[in-house]
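Under the heading UTP binding site, TrEMBL lists Lys132, Gln195, Gly226, Asp257, Lys402. The substrate binding site annotation in TrEMBL covers His227. The region 'Disordered' annotation in TrEMBL covers 1-27.
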Amino acid sequence: MLNPCAGAGNGQVRGHQRVPSDTKEFHEATKRDALMRLKKDLDHLLETVEDSRKNGVQKEMCGFEALYHRFLQEDGPSVEWDRIEKLPEGAVKDYSTLKLPQEAHIRDMLDKLVVVKLNGGLGTSMGCHGPKSVIPVRNDLTFLDLTVQQIEHLNKKYNANVPLVLMNSFNTDVDTEKVIRKYKGFQVQIYTFNQSCYPRISRDSLLPIAKDFDIENDIDAWYPPGHGDFYQSFQNSGLLRKFIEEGREYCFLSNIDNLGATVDIKILNRLIGDDRQGDKPIEFVMEVTDKTRADVKGGTLINYENKLRLLEIAQVPKEHVDDFKSVKTFKFFNTNNIWARLESIERVLNAKTMNMEIIVNNKTLDNGMRVIQLETAVGAAMKCFDGGIGINVPRSRFLPVKKTSDLLLVMSNLYSLKYGSLVMSPQRMFPTTPLVKLGDNHFSKVKEFLSRFANIPDLIELDHLTVSGDVTFGRGVSLRGTVIIIANHGDRIDIPAGAILENKIVSGNMRILDH
């Protein structure tokens with residue numbers, strides 16, 4: 001019988017004592033049983049793996065077993081609210097205090113950098129098939145096109161060799177490998193590796209629902225376990241050691257759908273350039289930005305047990321959720337732009353001290369089965385490193401495209417495109433982006449969203465836009481201030497070509513028909 005993780009959590013498993021004295025004892029007994037049964041199930045699953053893949057899969061299942069064991073052990077909230085302390089002075093640096101490096105040093109600094117993009121997500125929530133990274137976002141260029149352009153521009157401008165690493169999932173790897181062939185002639189080396197593939201657990205039995213390792217034939221039984229899996233999968237792929245041996249020192253990691261997450265020379269200079277301070281290297285940087293009322297659910301930085309760490313809304317006790325959402329109490333939120341020292345990642349992994357909070361994601365499958373996914377977040381590793389800091393960056397470094405409302409902004413004249421990077425128009429009088437809410441029924445899928453605009457309206461002077469119902473926009477429309485357009489159920493509103501709407505509410509029914 002295979003047991004690749006012999007000893008993983010065994011210290012906590014005791015004999016089958018059955019003393020039904022109270023609820024706690026009952027739960028302890030069921031947990032012990034669950035871990036033993038899981039080990040058996042994993043052994044059976046591993047017997048179905050072809051020999052060529054066995055080593056890699058065993059490593060992944062060790063990671064899963066360790067996560068599962070922690071899931072069983074952890075009771076109650078991971079953070080005691082009253083023990084959260086105020087952020088120490090200097091824990092979050094202001095971006096404006098960072099210095100630009102001397103031009104002569106930039107190439108050497110870039111050659112010590114690796115850029116990693118989290119590329120495991122699908123475009124299904126926006127009505128698209130395949131990886132989200134291949135959705136066109138601007139001038140028919142995809143997230144991946146723009147990323148490659150950005151890094152190629154850096155490499156050409158400074159004669160550097162910054163590699164691009166894509167962390168795929170089993171959902172995106174095949175399509176991504178096909179797409180990246182077209183970048184062969186570009187001045188950027190592209191590497192890929194897959195994050196882990198873990199079995200979903202039945203909420204009733206607490207056991208994997210998969211019967212074998214034929215993932216493609218039973219795709220609902222498996223899931224990618226969140227971006228916190230990056231560290232272990234990066235090491236398992238061999239790329240972490242390879243880059244360390246090449247003399248590279250830091251990785252810059254971000255979501256591929258965050259179009260603001262470009263390589264920042266000032267931050268790099270703080271880490272390894274002439275702006276570096278003190279003898280000890282900074283091991284971990286989390287880019288945060290000022291929280292607005294639109295970001296109240298975003299994770300924030302706290303000081304806890306004398307360490308900076310990420311606090312997510314899922315970790316907050318119900319009675320303190322309003323405190324968590326307060327813009328006054330928690331001023332910053334996490335952009336998920338992370339800079340981490342490669343040797344420090346390796347040290348923490350080898351010491352087995354990487355313990356990120358577990359996110360228990362409850363799902364119901366199409367067949368009605370209730371399952372659990374155990375996940376972790378990449379920023380939650382911050383507490384495992386020494387000398388971590390936050391950097392309060394401009395909002396322009398956080399430009400995620402999660403919905404078509406975000407797509408409307410990045411496709412508009414608010415931005416121009418420069419070497420794959422989006423730059424806000426100098427005509428915009430203030431640095432914040434407009435708040436846009438588009439109705440799900442008519443605008444949530446990319447194809448339908450695009451069919452409702454003859455072209456994207458002028459948004460330079462827009463503060464707030466709400467659109468609900470069956471609404472279409474003619475060519476050359478300009479939206480300014482606060483604009484609310486609501487078509488009643490069964491009605492339709494056509495905004496005519498050339499219309500200028502400034503601080504207007506449009507409701508009811510307005511049809512423009514061809515004569």
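Placed from the backbone N, Cα and C atoms, the Cβ positions cover glycine too.
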Cβ neighbour count (within 10 Å, all chains shown) around His227 (substrate binding site): 25
Binding-site residues compared (Lys132, Lys402) - the one with the fewest other Cβ atoms within 10 Å: Lys402
Distance, Lys402 (UTP binding site) to His227 (substrate binding site) (CA atoms, angstrom): 16
Packing count at Gly226 (UTP binding site) (other Cβ atoms within 10 Å of its Cβ): 23
Site of maximum Cβ density within 10 Å, from binding-site residues Gln195, Asp257: Gln195
